[in-house]
Every structure is written in structure tokens, then in C-alpha cells.
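Beneath this line is the structure, given in C-alpha cells, with notes to follow.
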Amino acid sequence: MIKFALALTLCLAGASLSLAQHNPQWWGNRNTIVHLFEWKWSDIAEECETFLAPRGFAGVQVSPVNENIISAGRPWWERYQPISYKLTTRSGNEEEFADMVRRCNDVGIRIYVDVLLNHMSGDFDGVAVGTAGTEAEPSKKSFPGVPYSAQDFHPSCEITDWNDRFQVQQCELVGLKDLNQHSDYVRSKLIEFLDHLIELGVAGFRVDAAKHMAAEDLEYIYGSLSNLNIEHGFPHNARPFIFQEVIDHGHETVSREEYNGLGAVTEFRFSEEIGNAFRGNNALKWLQSWGTDWGFLSSEQALTFVDNHDNQRDMGSVLNYKSPRQYKMATAFHLAYPYGISRVMSSFAFDDHDTPPPQDAQENIISPEFDDDGACVNGWICEHRWRQIYAMVGFKNAVRDTQLSEWWDNGDNQISFCRGNKGFLAVNNNQYDLSQELNTCLPAGEYCDVISGSLIDGACTGKSVTVNEHGYGYIHIGSDDFDGVLALHVNAKV
């Protein structure tokens, strides 16, 4: 009986930890993360204070913080090839990182770090030098900045069969030296690295290449981490939010279900299917059952996105900033529909897969610059600063804890729905106008469409909709309108 009680206690403790690791630790009613891809720490700090907090964002996913290899031309993916766990990259040093985390936490914006636990850098001719000046010999699996040596890695092999669990989890992903996370020493170095970031005030981690590590090894590492730092406003005993990159299109040998008990999982099927729908390859009417009926993870386990820094560079169904009208419609639906833990992308312009972030002649990352409307102009795309996207972050905050109701569609690509009595969204992806009296579910009054304009000093700069005492309003979205979506909510009442 004593043994049974002990086993039950340990089981319940593990379950409690895993549930805690699904909690993003957001402030108040905020509930959207933005990935400020390749931004400098000083620029993120200022963005938290001047833009993200006032617009109601909840958190920022930042690029990898640890020292990385220096590759010719400085492609973005060099950040995913670690040399050491020193906090020096082209985004800044440890002091600048700590200052950014503190300043963002002070205004209610949580920081989530993209962490690389699976591997170190790939082969390099001779001695490689990292962004902190540390030398390493990747071909010999020698990384004195940690230190790691050959005994800390799995034997070298190539992934040739993605249906072979051994290859997927113990061979080298695109030639990157594969760490042995079952080693007590390797575990201790990874835990030390993550705990240092927790001490500096981060709220959690995006775990890169999680499916290439055994779930039981990650469970040990996550369970050994410190609680979040109460000096940064986290409650006592709060656990870091974990969201894990697991690409699973179905029927995979290593599946997302092995990881979703440990934390949230990136729901790549969401990204692919929302792209299919808004590219016109699947009628929007089918989105009424969006979520688990589509084979997605449960809402609290799914990190959802229209695109991410990887798949936006691939050809296929995934939408990106280069198809702005469809992208804004898809993002509006993403943030309006009650499913998933939402993340929006903030990109830089790219012409090919390897395009580096905007940089000067000395290969220093440059700060984003803004026009009079607040949009980025110097190589940064900054989708999160598009009115149609940040306004939907406000919409998502306004309708939090409400359910979907009053779904309407025309049997094709025109849809609308309510979020309780607090919000209404309509989308037209047909080649003809949507002109219809629809139930908005809102209290009577005049509302500003936050897609086409903003509510400023009590006046709407875009379209407005008058809602009658029965909750109905006349909705018009022309097929040639600049945006194919309209959104109303209680905080945008004129």
C-alpha cells in the first residue's frame, strides 16, 4: 500500500508539472504571442514598451540567445548552430538580454526563448569561431566553451529513413552534431543553461527539434528546471511554459502525442490547412468545425500559427507576407476563432531560403525603422504592426472566455460568426460581394470595423456598422475591397 501511495503521489506530481508547463503565464486578459524573428534585444525592449504592451500583446518569442557559429553571408539559420551557451549573439549580449527581459516583464510582456537542446553546430572546416569569440572544432565534436567532447554526442549517422525512430532521434539532423540527452552530464549542462535564462526572468521556451529527442529525456530535463523567478512578477511555484517543435503530418513514427503531455506542441497541420483554405483550395464553410475535428491537438495543447520562420520559406500551401490579402484574412480568422495558443509572425523580407536579416556593411543586424503609419520600411516586414493584425490581437483580448455562436456561411467562401455577445467576424473569399444582414450578437449601437480603420477619439477612421436592437447589422465586404474581412467588438463601439 505504501509503494502504491508513493507511485500515485509521483504520478500526480508529474501530471501537475505537465499541466503547469502548458500555462503561458500571461498577464490579465492578454493572449497572443509574437515572434520577433532576429530582432536585437534592445529593439525588442523598446517594442515591448512602446507598441506591444499598448496594443495588448501577451508575449514575445525571441531568436536563440546562445553563442552560434559564424557562417558566410550570415544566413538566419546560423542562429540554430550553437557553439556554446554564452549569451552573446548578433541580437546582443547577456546584459542587453537581461535588460530586455526585465523591461518587457515590467510592462506585462512575457519572453519565450527559442532553445536548442538537440544539437550543436554542424561540420566546419578547421576551427570555427562563434559570436562570442569562442573556438570549437565541430568536425571533432569539440566544443570547449561548454565544454562538450565526442563522448557527449551520439555516434555520427545520417537520417535516411524518417520512419526509423533510431535515426530520427539519434542521427544528425542536417549534419548537426547530435547531443546525447540521456547522459547525466549533457542533461546537467542543458538544465544549467535553461535555469540561467529562468533566473534572468524568461517565462518559457520554444524547444527546437523536439521530435529528434526522446520524450523521456525531455521529461527529465523539464522536470528538473527551476520555478519561474518571482522577482519578475511570476507567482510562487510557477513553471516555465514549454512549447515544442514537433512536425507531425500524421502517421509519423515519432508523433506529437509523445510530447503533448510535457507541454504545448506546434500544430503544423493548423498552418497547412489554414493556408489551403484561404488560398481557395478548401471552402471556408468547412471551417465551422475548425480544431480537433480536423485532427488537430486539443486547444490547450496546440501552439497555433499561420506561418513560422521555417515554413514561410517553403513552397506550398503555407501563407506568408507575400500574399498579404489572404494572409490578413487567415490571421484574422486565426485570432477570432476560439482554438489554440496563438502566435503571430514578424518577419524580415527574403528572396531565398538563406536571406539574412537586415544588416549593415559590417554584418551587424540593423534596427527596424518605421514610416508615419508605424509600418517597418528598411527590410523588416513587421506583420505584427499591420493594423489588420494588431487590431485582431485587441479583438482576441476583447472576446476572451466567450464561445463561438451564430455561424453563417453562403455554402462556399463567405462566413461569419460571433464570439458570445462581445465580437463578430465576417470574411469574404469569393469573387463577388458579401452584402447581407447578419447577426452580430452585439448590443445595439454603432461599431468601428477594426480591420479597415481604428477608433480614435470616439470616431472611426474606417467602415462602421450599425447594429439594431436584435443584434443584426448590414455587412458589406466587396470582392475588390482592400481587405476581405470585417471585425467588430465591444471595445470598438463608437
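The backbone N, Cα and C atoms fix where each Cβ goes, glycine too.
These figures come from a predicted structure and were not determined experimentally.
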Query: So, in Swiss-Prot, which cysteine from CYS441, CYS460 is disulfide-paired with CYS448?
result: CYS460
- prompt: Which one of ASN105, ASN118, ASN237, ASN260 goes with GLN169, ASP178, HIS212 at the Ca(2+) site, as Swiss-Prot has it?
  reply: ASN118
- prompt: Of ASN163, ASN308, ASN378, which does Swiss-Prot put in the chloride site with ARG206, ARG343?
  reply: ASN308
Task: Consult Swiss-Prot and report which candidate among CYS382, CYS441 shares a disulfide bond with CYS418.
output: CYS441
Message: Please give the maximum pairwise Cα distance, in Å and rounded to a whole number, for the chloride-binding set ARG206, ASN308, ARG343.
response: 12
Message: What is the set of residues, excluding ARG206, ASN308, ARG343, whose C-beta falls within 8 angstroms of the centroid of the C-beta atoms at the chloride site?
response: ILE33, HIS35, GLN61, ASP114, PHE243, GLU245, THR266, LEU303, PHE305, HIS309, MET345
- line: Within 10 Å, the Cβ with the most other Cβ atoms among the disulfide-bonded residues CYS48, CYS171 is that of CYS48
Task: Among the recorded positions listed here (GLU245, ASP310), identify the one with the smallest other-Cβ count within 10 Å.
output: ASP310
- prompt: Which recorded positions from the set CYS171, GLU245, CYS382 come within 10 angstroms of ARG206 (chloride binding site), judged by C-alpha positions?
  reply: GLU245
- prompt: By CA distance, which of the disulfide-bonded residues (CYS48, CYS171, CYS448) lies nearest to ASN308 (chloride binding site)?
  reply: CYS48
- prompt: In sequence order, which residues at least six apart in the same chain have a CB under 8 Å from the CB of CYS448 (disulfide bond)?
  reply: SER454, LEU455, CYS460, THR461, GLY462, LYS463, SER464, LEU488, ALA492, LYS493, VAL494
Statement: Most Cβ neighbours within 10 Å, among the disulfide-bonded residues CYS104, CYS157, CYS418, CYS441, CYS460, goes to CYS104
